[in-house]
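Asker: Feature list, courtesy of Swiss-Prot:
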ACT_SITE  Asp124  active site
ACT_SITE  Asp142  active site
TRANSMEM  10-30  transmembrane segment
TRANSMEM  68-88  transmembrane segment
TRANSMEM  98-118  transmembrane segment
TRANSMEM  138-158  transmembrane segment
Amino acid sequence: MSQRPNPSALIWLLLSVLVVGLDQWSKAWVLSSLPEYTPVPVIDGFWNWYRTYNTGAAFSFLSDAGGWQLWFFTALAVGISGLLAFWLSRTARGQWRSALPYALVIGGAIGNVIDRLMHGHVVDFIQWYIGSHTWPSFNIADSAIVGGAIGIAVFGLFDKSGKQEPGTGNLR
C-alpha cells in the first residue's frame, strides 16, 4: 500500500491573498481620505498617517533612476514571488516556519506590484518618528515583506531539526 502524499503548503497562499487584500484596501482608503504630504497624527510623538509615494524600493532606493526601476522592481517581485510559490508547492503543509514567511513575502511583493502597475509608484502612508528622527514611510505590504524576511532568517538560523532543502520542508 502506497503512502498518501503529504499535502503541499500552497494553502498558505490564502494568507498572501489576505495580505494583498488588506494592503490594497488600506491604500484605497489612503488615496480617498488622506491629504498628500501632510502628517495626520495617530499617536502624538510617534505615529502619523502620511500619504507619500515611492518610485523606488525600500528607503526609496533608486527612486530617482529615471523610470526603468518600475519594471525592474516589478519583474524582481514577480520572480521572487514565483520562486517562493514554487518552494511552497514543495513544502509540507505543516512546515509553517517555512510557509508563513514565504506567504508573507509573496503577499507583500504582489501588493506593491499592483501599486507599481496601477499608479507607477507605491503608496506609503505609515510614518513612525521620535523627535526629529523619522523612519521612512511604509505600508502593509512592506510590513509583510519585512516580517516574512525576518521569519525566513530567524527560522533558518534557529532550525534545530537539521538542514532543510530550500522550499521543501524536507531534510537533506
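Using the three backbone atoms N, Cα and C, a Cβ is placed for every residue, glycine included.
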Asker: Write down the Cα-Cα distance for Asp124 (active site) and Asp142 (active site), rounded and given in Å.
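Answerer: Approximately 9 Å lies between the Cα of Asp142 (active site) and that of Asp124 (active site).
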Asker: Take a look at 10-30, 68-88, 138-158 and tell me which one has the most Cβ pairs under 8 Å to the transmembrane segment (98-118).
Answerer: 138-158
Asker: Give the helix, strand or coil assignment DSSP yields for Asp142 (active site).
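Answerer: Once the DSSP labels are grouped into three classes, Asp142 (active site) ends up as helix.
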Asker: May I ask for the residues of the chain that lie six or more residues beyond the transmembrane segment (138-158) and have a Cβ under 8 Å from a Cβ within it?
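Answerer: Sequence-remote neighbours of the transmembrane segment (138-158) are 19-20, 22-23, 26-27, 58, 97-98, 100-112, 115, 122-126.
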Asker: Looking only at Cβ atoms, how many others are within 10 Å of the one on Asp124 (active site)?
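Answerer: I count 22 other Cβ atoms within 10 Å of it.
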